[in-house]
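The feature GTP binding site is assigned by Swiss-Prot to 34-41, 61-65, 80-83, 147-150, 179-181, with sequence analysis given as support. Here Swiss-Prot flags 41, 63 as Mg(2+) binding site. If you look up Swiss-Prot, you'll see 26-200 marked as domain 'EngB-type G', on the strength of sequence analysis.
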């Protein structure tokens, strides 16, 4: 199967809002996580080559559920997690979907890794490091992907990459991938890394 077609057939299956609604497809899952408004929906649309798959918004915290997308029938499931950080939702709603996300990450039998998005223009925030430390604590494998690199200079991009390389991390999966959903930069590399993870 050609690299460009691996993720091309994407079907939204369910938006889980509570633990009992979490599905079990019994096939590999890759979760996408990140701070609110980091560009998760745009990245999903870029790697599936369809702008309509995931709804995008300029307002942070719009995803209040865990969205499951079936990729190429039974190849894998792409899991869109709610953004952490600032949200216009009320505190009860925020707490509910963060608890749901935590439960999913700790209990999914099919999760292979988390793709953690970092806004390259903003850089690493304390809340990003808190989430990384949480993943490390629970021995959950993750891969870092920098987004919106078309909006920064290469020098700033290098600062972000070198920063994380200098941390003592045990469960990070390399390489760190730099992407732009708008310019399609790094998208094929990310698809390749996802495919390699599924094949292992």
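Heads up, the Cβ atoms here are built off N, Cα and C, so glycines get one too.
On the backbone, the CA of residue 41 (Mg(2+) binding site) and the CA of residue 82 (GTP binding site) stand 10 Å apart.
Secondary structure at residue 37 (GTP binding site), taken from DSSP and collapsed to helix, strand or coil, is coil.
In the three-state DSSP scheme, residue 179 (GTP binding site) is classed as coil. Residues within less than 8 Å, Cβ to Cβ, of residue 179 (GTP binding site) and separated from it by at least 6 positions along the same chain comprise 43, 46, 145, 146, 147, 149, 185, 186, 187, 190. Every protein chain shown contributes to the tally, and the Cβ of residue 40 (GTP binding site) ends up with 25 other Cβ atoms within 10 Å. The Cβ of residue 34 (GTP binding site) lies under 8 Å from the Cβ of 40, 83, 84, 116, 117, 118, 119, 147, each of which sits 6+ residues away along the same chain.
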